[in-house]
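Colleague: The structure under discussion is supplied below as C-alpha cells; questions concerning it will follow.
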Amino acid sequence: MENVYISSYSSNEQTSMAVAATNIRELLSQYVDDANLEDLIEWAMEKSSKYYIKNIGNTKSNIEETKFESKNNIGIEYSKDSRNKLSYRNKPFIATNLEYKTLCDMIKGTSGTEKEFLRYLLFGIKCIKKGVEYNIDKIKDVSYNDYFNVLNEKYNTPCPNCKSRNTTPMMIQTRAADEPPLVRHACRDCKQHFKPPKFRAFRNLNVTTQSIHKNKEITEILPDNNPSPPESPEPASPIDDGLIRVTFDRNDEPPEDDE
C-alpha cells in the first residue's frame with residue numbers, strides 16, 4: 001500500500017515535518033473504509049486550500065477576553081487587528097471528542113493549511129459515520145418551482161413601459177399591521193419602476209337584480225305603513241330674527257322712530 005502524506009497533496013504550501021511524517025492513510029483507515037478514503041483526502045485538500053482562513057498572530061495587545069459569565073464562556077476570543085476586525089477563533093482548551101482524540105491532537109499541534117486540512121478530514125469522517133454527504137457540491141438543492149412561481153415570467157406583472165414580463169416585486173416600505181405595505185415592481189429590461197395593478201370596482205348585475213327582487217318581496221310581505229315625515233318648514237328670514245341690521249350712511253337722515 002502506497003503511503004500518503006499531506007505534502008504529496010499540497011502543491012503551494014509545505015507542511016511541517018511532524019505532520020508530513022504521519023501516515024494519513026493509516027490514521028483515516030481507523031475511521032473510514034478504503035472506498036471513501038481517496039475521495040475524502042482529495043476533497044479535504046481542495047477545500048482547505050480554497051477556503052483557508054489566515055490565522056492571526058494574536059498577542060496581549062490585540063486580544064480581549066469575552067465578558068460572558070463563566071458558565072457561558074466557551075472560550076471565544078477575537079482579534080482587534082485593523083485589517084481583520086472581529087476575527088473570532090476558538091481556544092484549544094475546549095473539550096474534544098475522545099473518539100477522534102488522535103486527530104484532534106494533531107489539529108491542536110498544527111497551524112496554517114495543514115490544520116485546515118485536518119479539520120476538513122475530521123468533518124468528513126463525522127459525516128461518513130452518520131451517513132451524510134460531506135461534499136456540499138454533490139448535494140442537490142430542493143426545487144420549489146412547482147409550488148411557487150413568483151418570479152416566473154409567465155406569471156409576472158407586465159411592465160407598462162416596455163410590456164416585458166421580466167419584472168420583480170419589491171417591498172419598499174413596511175407599515176403598521178393594519179396598513180398594506182408599499183410595494184413597487186421593477187422591470188429588469190427598461191429599468192423602470194411602476195405601481196402594482198389594482199382591482200377595478202364593477203357592479204355584478206346578477207347580484208344587484210337579485211337584491212332588488214329580494215327587497216321587493218320583503219316590501220310586499222312587510223309593507224311600510226308608517227306615516228310620512230312632516231314637511232320641512234320654510235327657513236326664517238334673517239331680517240325678522242334680527243340677524244341682519246339695517247345700516248344707513250351718516251349723511252342720510254336717521255330713520256323715524258315708530259310711534
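Our numbering is plain: 1 for the first residue shown, then up by one each step along the chain.
Even glycines carry a Cβ here, placed using N, Cα and C.
Sharing the feature lines straight out of Swiss-Prot:
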ZN_FING   155-195  zinc finger
BINDING   CYS159, CYS162, CYS187, CYS190  Zn(2+) binding site
REGION    220-259  region 'Disordered'
COMPBIAS  226-236  compositional bias 'Pro residues'
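I would like each feature placed in context: is it buried or exposed, what are its neighbours, and how far apart are things?
Modeller: Under 8 Å, Cβ to Cβ, and six or more positions away along its own chain, CYS159 (Zn(2+) binding site) finds ARG165, ASN166, THR167, HIS185, CYS187, ASP189, CYS190, GLN192, PHE194.
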Colleague: Which ones in the same chain are close to CYS162 (Zn(2+) binding site), with CB under 8 Å and 6+ residues apart in sequence?
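Modeller: When sequence neighbours closer than 6 are ignored, CYS162 (Zn(2+) binding site) has CYS187, ASP189, CYS190, GLN192 within Cβ distance under 8 Å.
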Colleague: Quick one: what's DSSP say for CYS187 (Zn(2+) binding site), helix, strand or coil?
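Modeller: The three-state answer is strand.
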